[in-house]
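Chemist: Take a look at the following structure, please.
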Amino acid sequence: MSFRKVVRQSKFRHVFGQPVKNDQCYDDIRVSRVTWDSTFCAVNPKFVAVIVEASGGGAFMVLPLHKTGRIDKSYPTVCGHTGPVLDIDWCPHNDHIIASGSEDCTIMVWQIPENGLTLPLTEPVVVLEGHSKRVGILTWHPTARNVLLSAGCDNVVIVWNVGTTEELYRLDDLHPDLIYNVCWNRDGSLFCSACKDKSVRIIDPRRGQVVAEKEKAHEGARPMRAIFLADGKIFTTGFSRMSERQLVLWDPENLEEPMALQELDSSNGALLPFYDPDTSVVYVCGKGDSSIRYFEITAEAPYIHFLNIFTSKEPQRGMGWMPKRGLDVNKCEIARFYKLHERKCEPIIMTVPRKSDLFQDDLYPDTAGPEAAMEAEEWVAGKTAAPILISLREAYVPTKQRDFKVNRRSLLHESQPVAASTRLSATHPSATSQPAATPPISSGTASGEGGQTVEEVLREVASLRALVAAQGERITRLEEQLSRMENGDV
């Protein structure tokens, strides 16, 4: 009886991460040192934004993706806040709109010019004031236009209509302690939150109530995070009672026991999860770590499958995550991170190795596009809509094929310069005292093998015949001269 080790089949089993070359990094950026468990970086298909050190207030830098290399110290920033910036988030429906939350208790919404900043940006499009303490969490609604959620250290969650600057919903009695993070579900009907009281809550903001709650989702006292998956399940990262880092998958229909639990290590950095709903892959980055682990979430046990780990030498201060529509589908790129060092932002590309150059349908199902599915007023009225999906096939550019050429060089064609010199000898027999060597004749076809036409071949043949006749006449004259010399006539 033979035992075989069965390896689970997955198209993502061989995903590998690779940092870009130094000249494609963003150098000399003074990344913020503020003590807050935020990503400090936000990315979309046009810009990368990084929270930076600033004197006399808070600022963040917005760079066009192509502006790599060393960034000048005088490069303009977005600097309207009077306190340090804690979180930034790009609008999913407009690549030029970004929101920022600060220690000055305000939220500001900015419009970035088409080609990036040429002067410091100090005037926001909208200022939202409603929190009594610093604002550390911002997240846009995934499907409704101009809907923004903010959470502050006053334990209050506010949902805003940015277009009218009004508070749509104020949830001030659902969290008894500091809120660690907030995440919308796929259609924006619910959001989940992780709180310092160790509870994970699923909240319906339009009804203003908790739909489900799991107390002590993680036993440890360190910060934890919760995100919604595409099928409605909850994925959390946190710490055990023994301070070991954990990943847990929950079913909102039954929060008594976790569906799956994995313990990672004993490091003390908060784990930041990034989820790709198209591939069901979760990437976990620890703040202060130098690695990115990634896991595939499936419908069959054990549900959380470890894929691989990307490691580097430098620890990460923060991490940006590119939306799917900003990836290079020609290179089978399924994720791109923007890793923050102390003075640098380094893109890291996650790739599925494939031999084919064709568009990979299985890697790139239709993904959420930049078009909003509804207006803010429709969402408030009770409408729920899934994201409007787009195909990434239009972004696929076939590799340029070289023209197919066959170069069949015949010996006859190569001997053309020799033939020309022999034609000169045939025309002027006295031009040389040595008989010219007859060029070799190839077995070329009448169709012009080697690039010659029929007329050129015929002219070549005539030239050779004239050469033979001329040399024959010269031989006859020399023989007659020799005969006369022998008879003593000369």
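Cβ coordinates are placed from backbone N, Cα and C, and glycine is handled just like the others.
Those TrEMBL annotations? Automatic predictions, nothing curated.
Since we're looking at a predicted model, the values are computed, not measured.
Below, the features straight out of TrEMBL:
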COILED    461-488  coiled coil
COMPBIAS  425-443  compositional bias 'Low complexity'
DOMAIN    5-69  domain 'DUF1899'
REGION    415-454  region 'Disordered'
REPEAT    78-112  repeat 'WD'
REPEAT    128-170  repeat 'WD'
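Buried or exposed, and what's around them? Tell me for each listed feature.
Modeler: On the 0 to 100 pLDDT scale, the repeat 'WD' (78-112) averages 95 in this prediction.
Secondary structure by DSSP for the repeat 'WD' (128-170): 0 helix, 25 strand, 18 coil.
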Chemist: Per DSSP, how many helix, strand and coil residues does the domain 'DUF1899' (5-69) have?
Modeler: 3 helix, 24 strand, 38 coil
Chemist: What are the helix, strand and coil residue counts for the repeat 'WD' (78-112) according to DSSP?
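Modeler: Per-class counts: 0 helix, 22 strand, 13 coil.
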